[in-house]
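K.L.:
Got a structure for you, questions after.
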């Protein structure tokens, strides 16, 4: 009896949803509908899900659209309130499990847009006491997608997601790295070391000056991101299918952008030309270019730090890097610059993502670019990777870097390029002769300068002072 009772009350595994192709069975514990299920079955390609930050951004699109349509008198209060509540649940992540689609689908993102429409409609109907799959009182197309097309909604969400994540994640993470580098700049301000150009010895500088260069690179990268993100503020919404605005009221686009700005606290606007906003993704390519330029700088910084920390006994050994974990399965006691390696691998991935974005961005055939999912995926992938890598690099590497002052001094005193300080006194050719002779004989610069009769001991000591060589003059 008990078993029979449980069988009667158990929820069926599936329910029937319909679209223009007819009925299809959908998991009963999920809010998505027929079009999402067809995409799920037709595009079993890889495991790369549509980024959840893009899904949340589409939730913002649906929320702002419902608010705008309500204000325009197109959507009644009852339906609007239910859609708005369901959209907020999408935005806050409560419904993340209901967005199963992969990146590799229609190039307009239509199936993901319909995934949002179906989930929000079913959830709204549930809130209103309706049945899942009934499409009433809230219809996924007629109400949730009102005044919209996938062709303007998806690129709008792309801009919202990228601008939001750059602002909230990447820029703050780089700010943490910048502060750590500035701290090291001050800490190392009085440590004089030999400089290197072409990987060969050059004139001295302070370790603080070297780190000031790294800090300036990060600071400039942040500044470029803040400029580039402005390119993402104009939104395609209101262009509908091809940019004409068919089926959207003339006031809709500006009203929508105002609501998005209010929701995100970012200055989004309505794009001046909707044809460009649908057919091209030039702003996306530019914005990712700024991210790629940051990766270029971080690759250089991480590479320098791991080389300066090479050793511990047979490398440059000027820096002592934090020891976070064992480095070898065969060599006992070995510790590797793993944070530098992770950072440079992330940078390589970002460079690859930029190539994909550049190629995809060039594919705006006629009135619509149909490579939008791969554009969004690579952009958001880069932002996430760069932000995470910057935080990891800061916490587990940069903040714990120490200088081996004894090793730094030893290498500096052995450098032949200190001879540069003699050039104004004895001339370039004679200074070069001192350096070459000292190198050939295995002697010091001072010994050869005195032997050749170019300067006295007092003159050499007065002219060759590494700490004075770190400043103009």
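Backbone N, Cα and C define each Cβ position, glycine as well.
The structure displayed is predicted, hence computed values, not measured ones.
Quick paste from Swiss-Prot:
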type     : residues                                     : note
REGION   : 1-28                                         : region 'Disordered'
BINDING  : 108-110, 139-142, 149-151, 197, 329, 334-336 : substrate binding site
ACT_SITE : 198                                          : active site, proton donor/acceptor
ACT_SITE : 328                                          : active site
SITE     : 341                                          : site 'Important for catalytic activity'
K.L.:
Compute the C-alpha separation of residue 110 (substrate binding site) from the residue listed as 'active site', stating it in Å without decimals.
P.N.:
48
K.L.:
Spatially, and counting Cα to Cα, which of the recorded positions is closest to residue 140 (substrate binding site)? Options: 198, 328, 341.
P.N.:
341
K.L.:
Using DSSP and three states only, what is residue 328 (active site)?
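P.N.:
Its secondary structure by DSSP: coil.
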K.L.:
Translate the DSSP assignment of residue 197 (substrate binding site) into the three-state scheme.
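P.N.:
The residue in question, residue 197 (substrate binding site), is strand (DSSP, three-state).
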K.L.:
From the recorded positions 198, 328, 341, pick the residue whose C-alpha lies nearest to the C-alpha of residue 334 (substrate binding site).
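P.N.:
Closest by Cα distance to residue 334 (substrate binding site) among the recorded positions 198, 328, 341: 328.
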K.L.:
In terms of DSSP three-state secondary structure, what is the assignment for residue 108 (substrate binding site)?
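P.N.:
DSSP assigns residue 108 (substrate binding site) to coil.
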K.L.:
Using only C-alpha positions, which one of 198, 328, 341 is spatially nearest residue 108 (substrate binding site)? These are the recorded positions in the record.
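P.N.:
In terms of Cα distance, residue 108 (substrate binding site) lies closest to 341.
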K.L.:
Which state, by DSSP, holds residue 140 (substrate binding site): helix, strand or coil?
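P.N.:
Reduced to three states, the DSSP call for residue 140 (substrate binding site) is helix.
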K.L.:
To the nearest whole angstrom, what is the C-alpha distance linking residue 142 (substrate binding site) and residue 341 (site 'Important for catalytic activity')?
P.N.:
51
K.L.:
So for residue 197 (substrate binding site), how many other CB atoms are inside 10 Å of its CB?
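P.N.:
For residue 197 (substrate binding site), the count of other Cβ atoms within 10 Å is 9.
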K.L.:
Sort out the sequence-distant neighbours of residue 198 (active site, proton donor/acceptor) for me: same chain, 6+ apart, CB within less than 8 Å of its CB, listed by position.
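P.N.:
Same-chain residues close to residue 198 (active site, proton donor/acceptor) (Cβ under 8 Å, separated by 6 or more): none.
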